[in-house]
Amino acid sequence: MTSYKQEKEDFVSGHNGSTIYHINAISTVALASVALYFTLQSRLAFPLRLSSGSGSRVMELSAEYLLLVVPLVLSLTLFANHPLSLMFLLLLPAFVIHRALPALPPPTQGALLPPPSPSVTRSPSPSPTPTRTEHSSIYVTPTPNLTPTPRQSMFPKAPPPGAIHVPPLPALTTYRAHMMLMTVIAILAVDFPVFPRALSKCESWGVSVMDLGVGSFVFSLGVVSVIPVIKNPGLLRDPLLPKVLAASKKVIPLLVLGLVRVLAVKGTEYPEHVTEYGVHWNFFITLALLPPLSILFHPLIIYAPLSLLGLVLTLVHQTLLTNTSLQDWALGNNRTNLLDQNKEGIVSFVGYLSIHLLGMAIGTLVLPPSPSHFRRAVSEIASSTAPSRTPSRAPSPSRPQVDHDLHMGRRPTTPDSSDDDEPRKKPMVTLHYATENQSRKRGKAAVELCSYAIVWWALFYLAGTLSGSGAQGVSRRLANTMYVLWVAAFNTTFLVGYVLLEGIWGGSPRSQPAALDRLRGPNSKGFAPSFKLPGGSDSIRERSGPIDSATSGLLGAINLNGLALFLAANIATGLVNMTIPTMYAHDGQAMLVLFGYTFAFSLCAWLFRGRRILSMI
């Protein structure tokens, strides 16, 4: 066992990575698979048409697995050295079908309701099932539990001034789910020879798919962790200690899992790559520390952009690495005490915190109704302390709030009022708009995302030129400035790609209300559970990404329970490695294991697609 352990550690260590172009080409396969999926949906209603009949859900899951997961497995294994060939195999049928067949007309189910109105419709006898209409109209859902209740429960408190609803962004759901899939595939595939060594983590310097995966995980976490602040910018001025304590309580399970992983690895002689994070530190500990420590930047966000804060932090980190002995200490072999034993995790954490802040900056662009919404809200907060300024008029509590999210954890009830002078009436149904273009300016967000992507890439190549090392100046082990810029540039660019795909196929049959029941899952019974969180009124589904109706049901399910699925994938990876001598497996055996592993992962996501398991934000 000891001999195999040493051989396995050598198998995954000492690599110098690949190239930026190669990594981008492999990752573009994910965009091609989504393009094929949306083409089949919009032209053939496939795999949506599989939703009827016996065994329909298994058939639909299998179809989505073949279209969206299998290409990613192939791009990291058999086609890893020929990603453009795989991309061509996906885009060719998509192009032919798109050109040969017209787009399907939106299905008509029931009567078409009037255009959106800010009032709430009253109905004396609500239907037990939702009324479905065309996707450009209104989706009417009966309000649950309309038995007589005290006035306070029927008319809940108005949201804080400036608070907004944050509807789901299908492009963000797809991006986060694909990032998760690439990560969970790579953590097992790297143990097989079918996974090219150039894609495994670099020892100290260089770029690779796996190096990108950990940074992308942190970046995507930052994108969604900013939602509570977007919904209620006033949280930025709340006392820090209660917010830090509340965030710390949420990440206790991750800290426990990090400790359990250390004990399990040490107790089972499991092969480990010590230079990744150190002897005891691991990625779970890094993830657990990010949310509470990022809250410490709340007072600064009022006066400085998040992107600037992230850049300043990584530049300070880089200055210390370059001008002190910090870099030599982190890359050295001295491990005499507890601090030395975990120096990689300690030193790299500052870089991951910078990535987290840059992800939050992107979240403030794509999630609010417009890219400038958060900037204006923060500007008002910053100027509110000036005595010469007149506070902006807060929204009238009597004005109804329209929920644009079809999958929120709650169904808010509001007074039936189109005018402030009209008497309040008991609401019977809540209106939900099936299109989100009315509430979010996606075109402007895409333009700003493109601008940020160009800036990040320009800074990345400028830093490489000034250092004279190019892409070889990237160090995931140190999480230096070049690594931070690379992760930000890559993720922003590919998020733009998903936004563009959503814009082209945004009206696919998946976006019709007819698909909602199946997406909610078997446990939702029409309404998702809602949990109040400290410092705000948002539900965990709203903040962590509910299942979006305009994207794949499988990808939406993966996004909903990404953290829990990631933990399960790590456990499954350990079990496979303890059962099979993966280093000696031939390609056929490796592919069978990987396909079985990824299908089981997809099945778990599908089974729990209507239930939130674990959240840390």
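Using N, Cα and C of the backbone, Cβ positions are placed for all residues, glycine too.
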Of the ranges 20-40, 251-271, the one TrEMBL annotates as transmembrane segment is 20-40
### Message
Please determine whether the transmembrane segment (280-301) and the transmembrane segment (179-199) are in contact (criterion: at least three Cβ-Cβ distances under 8 Å, sequence separation 6 or more).
### Response
no
Lying 6 or more residues past either end of the transmembrane segment (61-80) yet within Cβ distance under 8 Å of it, the residues of that chain are 26, 29-30, 32-34, 36-37, 40, 46-47, 50, 86, 90, 178, 181-182, 185-186, 189, 192, 194-196, 199, 209, 552-555, 587, 590-591, 594-595, 598-599, 602-603, 606
- Region pair the transmembrane segment (205-230) / the transmembrane segment (590-608), three or more CB pairs under 8 Å: no
Query raised in the report: Is the transmembrane segment (346-367) in contact with the transmembrane segment (483-501), using three or more Cβ pairs under 8 angstroms as the rule and ignoring pairs under 6 apart in sequence?
Result: yes
Sequence-distant contacts of the transmembrane segment (179-199), meaning Cβ under 8 Å and at least 6 residues beyond its ends, amount to 8, 11-12, 15-18, 22, 26-27, 30, 68-69, 72-73, 76-78, 80-81, 208-210, 213-214, 216-217, 220, 491, 558-559, 562, 565-566, 569-570, 572-573, 576-577, 582-583, 585, 587, 590-591, 593-594, 597-598, 601
